[in-house]
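To keep things clear, I will list the structure first and then write my remarks on it.
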Amino acid sequence: MKIGIIKERKTPPDRRVVFSPQKLSLLKKQFPNCELFVESSNIRIFPDEEYEKLGFQISEDLSNCDILLGVKEVPIDSLIPHKKYFFFSHTIKKQPYNRSLLQAVLEKNIELYDHEVIVDENNSRLIGFGRYAGIVGAYNGFRALGLRDKLFNLPKVESLPDYEAVVENLQQIKIPSIKIALSGSGKVAYGAKEILDHLHIKKVNIHDYLTKSFEEPVYAMIDVLDYNKRKDGKQLDKHDFYNFPEAYESDFMRFAKVTDYFIAGHFYGDSAPYFFTKEDVKKKEFKINLIADVSCDIDGPIASTLRPSTIADPFYGYDPQTESEVEFDAENAITVMAVDNLPCELPKDASEGFGDMFLKHVIPAFFNDDENGILNRARMTFKGELTSRYSYLKDFVNEK
Ligand SMILES: NC(=O)c1ccc[n+]([C@@H]2O[C@H](COP(=O)([O-])OP(=O)(O)OC[C@H]3O[C@@H](n4cnc5c(N)ncnc54)[C@H](O)[C@@H]3O)[C@@H](O)[C@H]2O)c1
């Protein structure tokens, strides 16, 4: 089996890779029958020489490979027909901007496996960059706090070599006694939690968070049944919420009344209640003045997230009265951090982590006849057709 690590070709350039040189060595050790090739790239965080030093062949042409591994969408002209590709195609939600990509994949008889749908039998995602998004997102929020309130000056993550340096910088600052709410229960939320824990911020239970005052910063983790309640008052489990989100209404205001900094790390499903609306933010009791919206759903559940922001310019302000964007440090504004490609700020660690997950969950499936069904669930196209799991995309690809 010949596996190729492709060069990322999207603009702006993405420096991440599925396998770092170290992780590729680990793959070779565990699966010596794999022949591995690396496409030359001058933007990848790991230079070609680091792969070469470990004995990997750098190539300008991967057409000899059976399986090609990338991170972001591959430009149509660069897709090699009849290959198996793994990358984030951003097509499973019928994203119109990638319709022609999926059409080209089918025309070129490519077997597409999307990283986003590498899931276990319960449909839980097995690999992704969420942890790093949570880490960078929570950090960026603190960076905004330091700049806005002139408390401290944290450097940008992208200017630091790795996660270790991020942690070192956190050890130099002191957080005032604010209350922080962190939503979610997945990779993003637990990544954000790492930052709170590195800062030695105390985790408190929801009852204490809502009712007590503290002389130190504290945080609470809140999940779907904490910030939503059933309209009929029944108390059921979170699967009821996932299945019938329209039976629920937001119960977030009880958190908004006491929270200073909100880190949004949840997954937001279709038809779920909004956390808060533009009207809610106008209310006197709405206390939140800083939001790191890692979930980053635009014009949706977090009313102040008007647009995604960029790594270059990560913060903006939201004026509740005019419902519009202002300077991030304007008076009475909510400071918003809504960067939608956060893991790109930490390309080295994000790549190392991704390789670990890919090696653990996907590579064995090539050799054990896919005994756990991983490949079967992630395969979107086969022999020029959508597979049955993705047949709901038929209308989408047939549109011109
Ligand atoms: N800003 C960025 O750069 C960035 C990067 C990565 C992920 N994200 C976003 O962050 C969000 C969370 O990602 P993650 O990696 O933590 O996901 P995840 O798959 O690790 O976790 C999602 C969690 O939500 C729960 N869940 C499942 N279905 C749900 C539903 N219908 N409603 C509510 N919760 C549900 C799951 O049980 C799981 O605990 C996603 O919206 C993702 O797009 C943003």
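Here the Cβ of each residue, glycine as well, is placed from N, Cα and C on the backbone.
Where the annotation comes from TrEMBL, it is an automatic prediction and has not been curated.
Annotation source TrEMBL lists domain 'Alanine dehydrogenase/pyridine nucleotide transhydrogenase N-terminal' at 4-136.
In this view, K72 (active site, proton acceptor) is surrounded by 17 other Cβ atoms within 10 Å of its Cβ, with every protein chain counted. Residues or ranges marked as active site, proton acceptor in TrEMBL: K72.
As annotated by TrEMBL, active site, proton donor applies to H90. Around the Cβ of H90 (active site, proton donor), the same chain contributes E73, Y97, N98, E116, each under 8 angstroms and 6 or more positions distant in sequence.
According to TrEMBL, the feature NAD(+) binding site maps to D226, V294. Over all protein chains present, the Cβ of V294 (NAD(+) binding site) has 30 other Cβ atoms lying within 10 Å.
Mean pLDDT for the domain 'Alanine dehydrogenase/pyridine nucleotide transhydrogenase N-terminal' (4-136) in the predicted structure: 97. Contacts of D226 (NAD(+) binding site) defined by a Cβ separation under 8 A and a same-chain sequence distance of 6+ are given as I206, D251, F255, in order along the sequence. Listed recorded positions: K72, H90, D226. Those with a CB atom under 6 Å from ligand 1: none. Between V294 (NAD(+) binding site) and K72 (active site, proton acceptor), the C-alpha separation comes to 19 Å.
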